[in-house]
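Asks: The structure's right below; bear with me while I get my questions together.
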Amino acid sequence: MAAGPRTSVLLAFGLLCLPWPQDVGAFPAMPLSSLFANAVLRAQHLHQLAADTYKEFERAYIPEGQRYSIQNAQAAFCFSETIPAPTGKDEAQQRSDMELLRFSLLLIQSWLGPVQLLSRVFTNSLVFGTSDRVYEKLRDLEEGIQALMRELEDGSPRAGQILKQTYDKFDTNLRSDDALLKNYGLLSCFKKDLHKAETYLRVMKCRRFVESSCAF
């Protein structure tokens, strides 16, 4: 009998709850396919969380008539644009797994500081009650990417810190128009960067483990 939606949800939840292996030489070792599955699920969850947060913040604070012009002004705002990383799936497929993991790690680490104030921006719980857990979720994904890097270590030189700048922290003064625009821009970059990290992880998973979900 084919697995139903409930089975799929339970499986996904189970994978999200699995801990990352702290020692790759420990027994029993987690299969590489499971490491990738865990990382992809976590990245998808964070990307969706970021997209939902952006939309709800926009709906609550940004007048509809101003959204398009503000979004255009945000086009070159993200510091992550200074990273020579692939901009989409096709470009990502031209890079090695280790390169994609390093880019993913840089993107995740650039947000560890800024998101620590994210829960204060959403004191009224605009879209989700777990905004105070975003930092922990990012650290969890960081740990998963590092576990994959240990597994796939190929002896190539480690990349230095490419990101020269990082993001400002979210502003909790929501009575200021400047603060609102700053937070709106940060949420836009957060969404874009997590989409990149998710894309890189999915490309790696798909080319190592051919599956029907590779079409994305």
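Residue 1 is the first one shown; counting continues down the chain.
Cβ atoms are placed via backbone N, Cα and C, with glycine included.
The signal peptide feature in Swiss-Prot is assigned to 1-26; the stated evidence is experimental evidence. The Zn(2+) binding site annotation in Swiss-Prot covers H45, E198 and rests on similarity to another entry. Under the heading disulfide bond, Swiss-Prot lists C78-C189, C206-C214. The phosphoserine feature in Swiss-Prot is assigned to S131; the stated evidence is similarity to another entry.
I'm curious about the neighbourhood of these features; can you describe it?
Replies: Of all Cβ atoms in the protein chains displayed, 24 besides its own lie within 10 Å of the Cβ of E198 (Zn(2+) binding site).
Taken residue by residue with DSSP, C78 (disulfide bond) is part of neither helix nor strand, so it is coil.
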Asks: Compute the C-alpha separation of H45 (Zn(2+) binding site) from C206 (disulfide bond), stating it in Å without decimals.
Replies: 18
Asks: May I ask which residues of the same chain, at least 6 positions away in sequence, place their Cβ under 8 angstroms from the Cβ of C78 (disulfide bond)?
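Replies: Within the chain, C78 (disulfide bond) has Cβ neighbours under 8 Å at S188, C189, K192, D193.
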Asks: Cα-Cα separation of C206 (disulfide bond) and E198 (Zn(2+) binding site), in Å?
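Replies: If we compare the Cα positions of C206 (disulfide bond) and E198 (Zn(2+) binding site), the gap is 12 Å.
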Asks: Count the Cβ atoms, other than its own, that fall within 10 Å of the Cβ of H45 (Zn(2+) binding site), considering every protein chain shown.
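Replies: If we count other Cβ atoms within 10 Å of H45 (Zn(2+) binding site), we arrive at 17.
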Asks: What is the total of other Cβ atoms whose distance to the Cβ of C206 (disulfide bond) is within 10 Å?
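Replies: Around C206 (disulfide bond), other Cβ atoms within 10 Å: 19.
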